[in-house]
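Here's the structure we're looking at; comments come further down.
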Amino acid sequence: MFDVMVVLPLIATGAGAILIMLVAAFETFRKEGLSILGMGLFAFAFFVQLTVDNSGDITPFAGVFNGMLVANTFTKVAGLIILACGFFSAIAAQTYFTQNKGFVPEFYCMLLFAAFGMLLLTMVAELITLFIALEIMSLAVYSLVGYDRRSVVRSEAVLKYLMLGAFAGAFYVMGVVLIYAGAGSTRFAEIGATIAAYGFLANPALVGGSLLVLFALLFKAAVFPLHAWVVDVYDGAPLPVTGFMATAVKAASFAVLANFLTIDSAIHQEWLIFLFYISILTMFAGNLIAIGQNNIKRMLAASGIVHSGYLLIALVALGSEQVSGAIILYYLAAYGIATLGLFVALSYLSGVEEKRTVFDDFRGLAKVRPYSAACIAVFLLSMAGIPPTAGFMGKLYIIAGAYQAGHVVLAVIGIVSSILSIWYYLRLIVVMYFREPEDDFAVAEMTLAPLGTMVLAIGIFAISLYPVAW
Amino acid sequence: MLDNMLSVMIFLPILGGLTILLLPFGRDAARAIGLAGSAVVALFSLKLFFSFDPSVVLAFVEQRPLLESFGISYHLGIDGISLLVLMAAGLLFPLVYLLFRTRDKGYYGNLLLVQGAMIGAVCAADMVLFYVFWEIMLLPMFFMIGLYGGPRRLPATIKITIYTITGSLLMLASIVYLGLAHHAQTGQWSFAMAALTELSLSGPGATLAFFGFMAAFAIKIPLFPFHTWLPDAYTEAPAATTFVLSAIMAKIGVYGVIRFVLPVFDESLVRYALLFSWAGVISMLYCGLAALAQNDFKRLLAFSSASHMGIIALGVFCLNLQALTGTLYQIVAHATSTGLLFLLLGLVEEQSESRQIDSFGGMASRAPILAVFFAVAMLASVGLPGTSGFIGEFLIILGAIKFNVVIGVLAATTLVVGVCYMLWLFQRLFFQKPGKSTDRCRELSLVEAATILPVIVLIIVMGVYPQPFLDRIIPSAERQIVKVVSERAAVAEHAPVSNQFQEQN
């Protein structure tokens, strides 16, 4: 019975997606009903996930699934983040579709499918299942990006994403083949045992294979040098989808990266130097791109790259302290709340057909819609890492973790990068507060997004003092 | 109520500020809330002052765990050093609400927020808590300058923000370093001030952390060469904000050095004290000369304030009891005198809408009370005997000469520059032939005069009868400096340092 509870969130999202697909065929269920159903499924899965006690490694239905899935506290929290992201993306979508044409009932279905793939991704303990989960997530996200076939921008974005994603998938499969050749198994546990017995570097197939797998996962996480697609794809995707991609996809990718790197300490050790430089380059590449942006969506996409860099710092420090997992998840939660908050706010502020997207379009927002502006300011300050927001605590943990693992250089560069990033976060605040309004920021009708924005803004402060187990 | 007096003093203004900002109040209601809130805080700080027991290391302590796994706690408490800055932050704010009546409600809300954060920073006995309040302090300033400042407010806002955030993040790195050092040396996490003081820090890491702290505080003070944000921010900020920046916020920078850097980084401080005292002297001289050249009275006062902050900073780096006591005394003296100058000229600026010294003149006959108040504050600011400024500056110069004769003499000479620009300013504004802006100025109203009078009285009382203040300062100053003095004695290997120490008692 307990096993059922562990996989119930998976069932709720997976079966829920199919349910929505079926229900969408009926004329009586239209926009409102479907969005409520989507949100409800996410909320249900969230609360189930929240109530299950996942301490220790649990292999649900070990016989049926052949031990492919492992649940523990790490997967539980990662799943919570993903489901919360899904819930708020659904809220953003509900509002977004009151102002924009092109609603398709399958939208929520794809959202749930993607979440299903992500939940699976966090729990896998085997490389083939990982591939299946990765592709479930990716295919659902591809269709979310390009659901509006009439739009050229969306089609371009989905083409870019799909092509590159397919390459990443191919790399991944190649990597799995090599690892299988080297270790004779695709199970994490057995690969770890092989490495422990024969060494990692002694086996070129394992080295090459793990590099290819890493590449595929880093692509999903938008890490240098595989970050170039992010800005265009995020910009081309509809707002709620961008928010979902920026948060949930990133959370799932980093969760699975952390799991993959902890297969055996040798894998982590050998790739340490590689990850070290990659994280530095990611932070600076992201900052350079973000500083030049004039479009908020693009700026957020680029700043997402920078945050990937911070998360990589935590990954580098991983293994030296057991808590790194907790730090990564805390940071993902903090980053997720702030980013989602911005996208939820944009989903109603950007107006019909996303007409307000540039910094200058938000001139004087604080005078016309003071609460929205205050919430946005809170999100931006959290992303910049100003106390007492969650973003500050996240950075504090990451920097402390890096120091403790002996990577003082990384800690210092992380701080320098935060200083740089303040430049573009403050720009939006300056525009919102210090300019005179020209627009009345009319919103189509009463929707859920403003409420969601408020909840997320409070959440920033609420989790800032949430204790991370050390 | 008395058990968590400090918490009340911190969160009453913060909650009041948030209430004003988030709820749709009018301007008058906002001002009334602000005045009421700051008046309550002022009463509390008077109560603190009179019931403060100088023999206790940390008075009015409140402690609750916040993030237990990390050793971060909600730990408040004040000693003689915090007491003075706390008094400045607690007592001077009501003036702003009484003198400036026609501001937006957001302005009053932000003022309350900044007051709460300042008091929080001064009361914090935990490094992370201090950092949190230190940063919260920044945000209202950002909005106050950016929203309500002068015509070139945007560049000024961005400049001050980038400077202070850079400083803060460097400080954050140093705080993390200290926490880790504590973890490495004792096996436990702690960011409590008292625990960090016990650490023995050495090596390049400690030096870097020391400079990280010093950068943050030097920017806030501001010390040469980190002063370049100051003229813009002080000039573009509205009068009350400039007052807050110069009278209180700069002091929290000095406070940070005395309270944190002095006991924790005693070794590094002894090693680099000479460097920083030169920075202090250069600040004095450079900003003093720059003040002489200004034709904009707010800019002149900005440079004058920076110049006087230079001497305050110098007092810290002389590392002896006289200078430190003088610095602490001067913190209050400077807050009252320079703060008052900014307020008075802020009123003049609001009425005449001009800041050009040339366009004034002859104000003494038009507004005699204003002129008298201005004269008292000015004389205190240049350190005339019988005013509060004298005691502090005298002690600092005394300490500086003991520390290093060249620096001491140079600092004493530099004070003359201060007298020059101040008297010249006074002459050009209040005497001479009336200029075209003078007509638009009016005399202080009864309420305004009554508001300012207590500060004038305080300036004179502190100049004539400094003992009650010194009684509260000296025990804490001694505790703070005792480690450094012995360190210096060990370095210099001659006895007079400890003799100095006894002379003062």
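Cβ atoms here come from the backbone N, Cα and C positions, even for glycine.
Listed in TrEMBL for this protein:
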DOMAIN    A:126-421  domain 'NADH:quinone oxidoreductase/Mrp antiporter transmembrane'
TRANSMEM  A:6-26  transmembrane segment
TRANSMEM  A:33-52  transmembrane segment
TRANSMEM  A:77-97  transmembrane segment
TRANSMEM  A:109-142  transmembrane segment
TRANSMEM  A:162-183  transmembrane segment
TRANSMEM  A:195-219  transmembrane segment
TRANSMEM  A:239-260  transmembrane segment
TRANSMEM  A:272-293  transmembrane segment
TRANSMEM  A:330-351  transmembrane segment
TRANSMEM  A:371-393  transmembrane segment
TRANSMEM  A:405-426  transmembrane segment
TRANSMEM  A:446-469  transmembrane segment
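Below 8 angstroms of C-beta separation, residues 77-78, 81, 84-85, 88-89, 91-93, 95-96, 99, 239-240, 242-243, 246-248, 250-251, 254-255, 296-297, 300, 304, 307, 310-311, 314, 357, 362, 365, 369, 372, 375-376, 378-380, 382-383, 389-391, 393-395, 397-398, 441-444, 447, 449-450, 452-453, 456-457, 459-460, 463-464, 466, 468 of the same chain, each at least six residues beyond the ends of the transmembrane segment (A:330-351), sit close to that stretch. Spatially, the transmembrane segment (A:371-393) is not adjacent to the transmembrane segment (A:77-97); fewer than three Cβ-Cβ distances between them are under 8 Å for residues at least 6 apart in sequence. The list of residues near the transmembrane segment (A:77-97) in space but at least 6 beyond its ends in sequence, with Cβ under 8 angstroms from a Cβ of it, reads 9, 13, 31-32, 35, 38-39, 42-43, 45-46, 49-50, 103, 107-108, 111-112, 114-115, 118-119, 122-123, 238-241, 243-244, 247-248, 251-252, 255, 326, 329, 332-333, 336, 340, 343-344, 347-348, 447-449, 451-452, 456.
Tertiary neighbourhood of the transmembrane segment (A:239-260): same-chain residues 74-75, 78, 81-82, 85-86, 88-90, 92-93, 96, 111, 114-115, 117-118, 121-122, 124-125, 130, 134, 137, 141, 144-145, 188, 210, 213-214, 217-218, 220-222, 233, 267, 297, 300-301, 304, 307-308, 311, 315, 318, 324-325, 328-329, 332, 335-336, 339-340, 342-344, 346-347, 350, 354, selected by CB-CB distance under 8 Å and a gap of 6+ residues from either end.
Just going by CB pairs under 8 A, the stretch in A:6-26, A:109-142, A:195-219, A:405-426, A:446-469 that sits most against the transmembrane segment (A:272-293) is A:405-426. Residues 2, 5-6, 8-9, 12-13, 16, 19-20, 23-24, 76, 79-80, 83-84, 86-87, 90-91, 93-94, 97, 105, 108, 111-112, 115 of the same chain, all 6+ positions outside the transmembrane segment (A:33-52), place their C-beta atoms under 8 angstroms from a C-beta of that stretch.
Among A:6-26, A:195-219, A:405-426, A:446-469, A:6-26 has the largest number of CB pairs under 8 A with the transmembrane segment (A:109-142).
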